[in-house]
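J.: Below is the structure I would like to discuss, written out as structure tokens.
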Amino acid sequence: MWKLLPAAGAAPGEPYRLLAGVEYVVGRKNCGILIENDQSISRNHAVLTVNFPVTSLSQTDEIPTLTIKDNSKYGTFVNEEKMQTGLSCTLKTGDRVTFGVFESKFRVEYEPLVVCSSCLDVSGKTVLNQAILQLGGLTANNWTEECTHLVMSAVKVTIKTICALICGRPIIKPEYFSEFLKAVESKKQPPDIESFYPPIDEPAIGSKSVDLSGRHERKQIFKGKTFVFLNAKQHKKLSSAVAFGGGEARLMAEDDEEEQSFFSAPGTCVVDVGITNTQLIISHSQKKWIHLIMDTLQRNGLRPIPEAEIGLAVIFMTTENYCNPQGQPCTELKTTTPGPSLSQVLSANGKIIPSAPVNMTTYVADTESEPADTCMPLSERPEEVKIPGLEQSSRKLSQETFNIKEAPKPSSKANNVASDTLVRGKTPSYQLSPMKFPVANKNKDWTSQQQQNSIKNYFQPCTRKRERDEDNPELSSCKSSRMELSCSLLEQTQPAGPSLWKSKEHQSQNATLDREADTSSVGGMDIELNRKSPDRKPLPTETLRPRKRKDVDLATEEEVLEELLRSTKPELAVQVKVEKQEADDTIRKKPRMDAERNRPLNGGSEPESNSALQEDEREKKDELQTESWSTKHEIANSDGLQDSSEELPRKLLLTEFRSLVVSNHNSTSRNLCVNECGPLKNFKKFKKATFPGAGKLPHIIGGSDLVGHHARKNTELEEWLKQEMEVQKQQAKEESLADDLFRYNPNVKRR
């Protein structure tokens, strides 16, 4: 940075440090550089400016330029030569500057300020560069002999640290230059540099007391030693530190012909390559050559020198324990000196590499399309029912894993809920048999809680699309959730009559699976699969239910259902209460169109009860079951299964899924609000807000609306302005007369 110092023999004074980008005015009153007791100094005598472009901030061979401009009456002299008034001149370090004709003499000097930083983050480097730029200094990326300071937040053993210690340069914190800049701006003394020494943060040093100040012993620490490098990367990294310490760095290649006595000569230190380092790429022949040199050293009782010993020898200022081939290796040395630092190499090499192969075998469900998306034949379904409890739970878990794996995974909780729903939809045969659900024999509280959760689970978003929705767009998700709800409600009533269901199951196993398995989604998926691939063999006629027995089975199922409802009245009271709380809104909003259109199958079959509460609960239960059975009956008689094609199976049931959510109907029913007085129009309607000028033309001001403005003359203001002008003219005349009195020209030529 530039400084303006009083010349020898002149009046003593403090040096002026000049910041970059600031104009310093030299004068005798109200200026940056004040010179008093000199009548030849003008008020604005000269201007000093330091210009420092940002582009050359990292170029250590360029220094900022200092220019001076003369604005005085009696002149400014540079090296005893008078400057021309109004022109600028570039100053060099050591130039003598005289302001006026008396003893106001100064000299300018440039104090080098080249800063090198190490282990600083991006924000720290930005703040440091701004402070160095204002101080007129330079920044360097690599350490050179011109560097004056090393900036580190914490001392680590790096190449820059070793070079700074050898060159005797101070290692300081980045906050030092911020405080130095504030002191220059306020014209105070610079801060003490010793109070800005950073702490030592290096595991290789530990808690030992280390003197990091500039010591002369470090400049000749490697004098008389020759460091032999067997790797070019090591030579490039450490050769500068060896050269600064007075030693010689030599790079040896495989082609060089040197006698074996050269490596064992006194003062020769062979730097250990570190073949185990994964960052080094060494060929097989080079490894063989390195092993040959190491064997030579071992035969002579010598050892290779690790990289880190070069830095430790500089820090502790000794070569007896470090960098000594004849000495014992340091046991406390655990790391090598890396390029950036000891700590940074750990993070650079910290790649996770497994030492041994780990058994990562994972058992998942079969993900082939046909076993996952299709179903088993109806004759094989009873074998699946007879799975024990443990295998059944593991099978459910594997199906849940398979569903979650294909899902986009919005959250773990949502995936679990959705996977349970998908498992229930895929294997609905578990829902109607009491032998497949031993969990239903628990207490009533758990049963009601399970029913409440099952109702809630139908409104969770599904994370995986079903193939049957893509193949058959006629089946909607609303129908599926509605059908699943009816099945789950029937599931809650099964512990009352296990013997009835068992006898019913034995009767239906002679021909095919029971009626409940036919109403599951498996049957629907079989029909859709056969429709999709006609070349598949149709099911044998022995497994199909005859048409004449359809009505008999329906009547039998109605009787079984009535027996279950009579035997489970206490449980229904608890279950319907929970059902009423959770599904009251959705059931109340559901249209009654399906129930009115279809013939009810079990209406009026139950006996009347004395309690009004049980009647309401039974009506709600019958309504849900009526819709589910009427849906089955309607789908069974639908035209979709009466296809004339011989390839498709006939006399089967198609499962249709119903939803508790009401679909959007015509808009007229929504716009009408039913009241006691009749239908009223919906009052929650909004109309567009009108904007200015929408209905008529805007009102334009003009013509007679404009009134002319006549300015009146203010005589008092004019008189005051005239008086001020006269006062200013009088003051100017007085100042010119005063300047004429102080004019002195000793070189006036007389005629």
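A Cβ is built for glycine as well, from the same backbone N, Cα and C atoms used for every other residue.
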J.: Pick from S343, S419, S736: which one does Swiss-Prot list as phosphoserine?
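T.: My reading of Swiss-Prot gives S343.
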J.: So one of S394, S398, S503 should carry the feature phosphoserine according to Swiss-Prot; which one?
T.: S398
J.: Where does the phosphoserine label fall among S433, S533, going by Swiss-Prot?
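T.: Among S433, S533, the one Swiss-Prot marks as phosphoserine is S433.
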J.: Reported in the order helix, strand, coil, what are the DSSP residue counts of the domain 'BRCT 2' (224-315)?
T.: 41 helix, 13 strand, 38 coil
J.: Which number gives the other C-beta atoms within 10 angstroms of the C-beta of K733 (ubiquitin cross-link), all protein chains shown included?
T.: 10
